[in-house]
Structure formats: structure tokens, C-alpha cells
Amino acid sequence: MDNNTRSAEDGRCHVSTVGVPSTGSPMATENTRLAPTAKQTYFKEQRIHIPEAERGRFSFRVLWAFTGPGFLMSIAYLDPGNIESDLRSGTVAQYKLLWVLLSATILGLVMQRLATRLGVVTGLHLAEMCYRQYRKVPRILLWLMVEVAIIGSDMQEVIGTAIAIFLLSNRVIPLWGGVLITVVDTFTFLLLDKYGLRKLELLFGFLITVMGITFGYEYVVASPDQGQVLKGMFFPWCEHCDGSVLLQAVGIVGAVIMPHNLYLHSALVKSRDIDRTKAEKVREANYYYFIESCIALFCSFIINVFVVSVFAYGLYDKTNGEVVSTLEKTELVDADLFKGGVFLGCTFGAAAMYIWGVGILAAGQSSTMTGTYAGQFAMEGFLNLQWSRWKRVLFTRVIAVVPTFFVAFYLDIDNLTGMNDFLNAVMSLQLPFATIPTIAFTSNPQIMGEFVNGLGNKITSIILSAVVIGINTFFVAHSVIYDIPQQWGIWLGVAVYAAFYVLMCTYFILHMTVSMSNTRLNEYQQYIHIYNTRRRVGNTEEIAYSNVTRTVAITWR
């Protein structure tokens, strides 16, 4: 084999299209199979059938068949990190940042739509596409960044669950005990998983319903000013806001848009049986998945509004002495998940505190399950490595539990909350490593065919992504400047990491620029993923690719 051709054994090759007739722009609507060496442990024999619908008419039966992945995706908008961001937003700025929450949710919807389209059109999720589009070193580094985001999210779920157990047990079970319990209860997910995908999706729907009922109960009991809620939601201004409010606004964006969620959603849509040989079926899937995502994120937004409004009513501009007598009375409340529960118990009775604990527990448990899925999709996609789910759960959870356990055991709940803030900053840094590949692949005509992003979509997604990344960078920079000890060794490490981070971002941005262009170089990238049907013809082998409608000749020597 010459230098321009790699063995097909690893699922990659460079090809020559000389002498091969082109049929124009490739169609990304063929049934997609993974390369022979690709490994997959999910959705093997449980793809959900999509009923036929009358052409051109909306069908609730079809929508119901597509319902599921969007609600699993929306769990990331309701994890303990987001709930804590909500209550802090209400405490610091009252209702003034609700429009930021709405804007961040819409931005998230735009990016989730792109991730969904990638999975629907190509039959490959984001991590699998990264395996086929990036070379080994940047691909491994990208996987490590995604793993950091997943583990960081899992640590937040451990913290949230431990605090919920602490509240529900009336402080009988210590925080460190709650952390250890999360190791055991995570494996209940594996038991439920074997009963089928549809039942698992119903479980997630139930957990979201629990959060809606519990946080909705708190909203009704608190009865905030509805006019102020609507004004904060639709009036994009923040009157008399200081630097702390601005920082909280930045934190909202960072908490809502989660990097690993794009990898998760692009994979979950593969659970439906879509005929990719027919463009109209792909359009139908894109249409119904978008509607489902809108409904799911609307529900998550309403639940987040409940939390913000309750604490805007009860804790805004209040001192600890006005809330609970055991705290330092003269200081303004520094709200967190635990103090939020204490406030509800002191103000509205013990029932409100326990109901709050149930809601936080539901948020932590549901986020744990989706985090497990995201981790497995990332590992199998980036590394082409098959790992049983219980090993994946144990791997992620042990890494998350060990540092959290020591903080909970040796320090106090305030340190646990501070750890939550640090994790938000860490996950904010990983966002470019999800948004840039998503935009690159969905804007590549050789990958998406007729479903490629139009000029308007490209410009919109790039601008929105740049805004979100810029906001998150500001948030992280602020945290670094004001929270990191002034020691030269630490600052040297930060400088080295910053240089590495900028280089990585530059590489992926350049790759995105090339991928979005329709140049000769791009002709090579479309053939990296090999279809598993081969036919020998003399000294050539004709290989059909998963996302093109033409045959490509590869010379073997």
C-alpha cells in the first residue's frame, strides 16, 4: 500500500477519486453501518419502530414514537449544578436574570438541534464522527477533555445527591455517608436498563415529573409576584446590577449549556429506526426530534423558573438572621442547595424542606443516568473501545466519589458548595470541544449532503457559539484571578494549561474552517469512514461509504 493509503483494518483510509464518476453533491441518506472494527453496546436490538404517517400531515403517534431522547437530553438542564445556579440567581438578582436563563436555553436548543441532525442524517453520533474525522493525537486529547466534562458533571451529581440525602434523613446520614450511598444507588440504573429503552425513557419522564411537582409546589407555596416574573423573563435588562450579578449571569450560561450533552443527544437519536435511504424519512425525523426538543427544553425552563422565583421571593436582599437564626446574622445569604432547603423548612414548614430534598434527589439520580450514557458513548466513539456499562459506571463514579468524599468528610458543607463552583468553571472550559466539532461536521457538505447547514445556520451557530465560549472564558478568567492563591507555581501551571488550551482550540477552529469549505481537501475527508461491504476487482477494491451515493476506487498494492 502506498503512502497515501492506509489499511482499512482500522476503519480509515485516504482515497483517490481519479476516474470515478461523480454524481454531484453526496446524499447522506443511506443506511449507515459502523466499520467492521467498530464496537457498539447500545441500541443493538431495541430500536423503536416509527409508524407511518400521512404525507404532509402532523401525527401525534409519530411524535410519541420520537419522544424520549430530547427529555433525556433535558436532564442536563436540571442537574444539581443548574438548580444551585438557579437559586443563587434568585438570591443575588431576584427576577432580573430570568431573561438570561431563557436566552441560554434557546442557545442550547440551537446547538442541540445541530447535534440531533448529525446523528439522524449520518447514523453516527458526534464521538463516532470525531473518530473518523480527526487524527489520533487530537482525537485522544479531545476525548480527554470530554471525559473531564463528564466526570465534573458526575461530581456535581454526587454532591447534589449527598445533600438531598442529608436533608431527607434530617441530618442523620452525614454528607460523606450520602456520597458513599451514591456509589451503590447508581447501579440500580443498570438493573432498570435491562428492561428496555422505552421503559427507561419513561423512568426519566417520571423523574422530570417529580422535579416539576416538587419545585412547582415550592413555587405555589411561595407565590412570587407573577408580574415581576414575566418582566424578568422578557425584559432584557438588569437595572442597578453590580459585578456579582454580572458574574451570576455568566454562571447561568455556563451551567445551562453542557458540553457532554451534545455528544449524548447525537447518540440518543440513533435509538429510532429511521430509513436513511429515503430523504423524506430523514426530514421527518429531524422535524419531530426538533419539536420534541422544544417541548423538553420548555419543561426544563419552567422548572428552572420555579426555582429562581422561589428564592428570588424568599432570599433576595435578605440576611442570614432573617432566614435562619443559626447562621451569621448580619451577612447577606450565600445560598446553596443545603441552605435553600433550610430556608424552605424555616419559612414554609418541614414539608417544604423534604419536598425540596426529593426534587434535588430526583435531579441527581436522573443526571447520573444520562451521564453514564454520555460516558459510554464518548468512550466507544472516540476510542472504538467496548466497555460493559457497569465498568463504565464504576470508573466514572469512583473518580467522582474519591475527592468528593474527602471534602465531605474532612471539611464542611460550604466547602462542598465551593467545589460545585469550581466544577462549573472546569466544565465551562470544555464547551469549545463540543460546539466546534458539532458546527464543523453539520456544515460539511461531504458529511451531511443535502442536509448541510445553510449559510444562515452557519453564521448563527458560529456567532452563538463564539458568544457562549466568550462568556464562559470570562467566567473562568474571573474565577482564576480572584480565587486562585497568589503563588508562582500555581500560576505557572495555569499559564502552561492556558497555552495548551489555546493551541487545541486553534487546531479545531482551523479544522472547522477547512471542513466547512467545499475544497479539494474536503474530498478526502468524506471517505474516512468505511462501509462494511467490499468487492475485489483486480488490484482495486470498491468500497461503498455510509454517507455517499457513489462508489470510490481504492488502489491496493
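Just so you know, glycine gets a Cβ as well, placed from its N, Cα and C.
Annotated features in TrEMBL:
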- 19-29: compositional bias 'Polar residues' (COMPBIAS)
- 1-29: region 'Disordered' (REGION)
- 58-78: transmembrane segment (TRANSMEM)
- 98-120: transmembrane segment (TRANSMEM)
- 141-167: transmembrane segment (TRANSMEM)
- 173-192: transmembrane segment (TRANSMEM)
- 204-223: transmembrane segment (TRANSMEM)
- 243-264: transmembrane segment (TRANSMEM)
- 285-316: transmembrane segment (TRANSMEM)
- 342-363: transmembrane segment (TRANSMEM)
- 394-411: transmembrane segment (TRANSMEM)
- 462-482: transmembrane segment (TRANSMEM)
- 488-510: transmembrane segment (TRANSMEM)
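Within the same chain, residues 78-80, 83, 160-161, 163-165, 167-168, 207-208, 210-211, 214-215, 217-218, 221-222, 310-311, 314-315, 323-324, 333, 335 sit at least 6 positions outside the transmembrane segment (342-363) and bring their C-beta atoms closer than 8 Å to a C-beta of that stretch. Here the transmembrane segment (58-78) has long-range neighbours at 48-51, 105, 108, 112, 116, 153, 197-198, 201, 204-205, 207-208, 211, 256, 258, 260-261, 264-265, 268-269, 271-272, 284-285, 288-289, 291-293, 295-297, 299-301, 303-304, 363, 366-367, 369-370, 373, meaning same-chain residues at least 6 beyond its ends whose C-beta is under 8 angstroms from one of its own. Long-range neighbours of the transmembrane segment (285-316) within the same chain, counting only residues 6 or more positions beyond its ends whose Cβ lies under 8 Å from a Cβ of the stretch, are 50, 62-63, 66-71, 73-74, 77-78, 82-83, 86-95, 97-98, 101-102, 105, 108-109, 112-113, 116-117, 120-121, 208, 211-212, 215-216, 218-219, 222-225, 228-229, 232-233, 265, 269, 272, 274, 323, 333, 335, 340, 343-344, 347, 451. Long-range Cβ contacts of the transmembrane segment (173-192) within its own chain (Cβ-Cβ under 8 Å, at least 6 residues beyond either end) map to 157-158, 161-166, 199-200, 203, 364-365, 368-369, 372, 389-390, 393, 397-398, 401, 404-405, 408-409, 413, 416.
Counting Cβ pairs closer than 8 Å to the transmembrane segment (243-264), the top stretch among 98-120, 141-167, 204-223, 394-411, 462-482 is 98-120. Counted as Cβ pairs under 8 Å, contacts with the transmembrane segment (394-411) are highest for 141-167 among 98-120, 141-167, 204-223.
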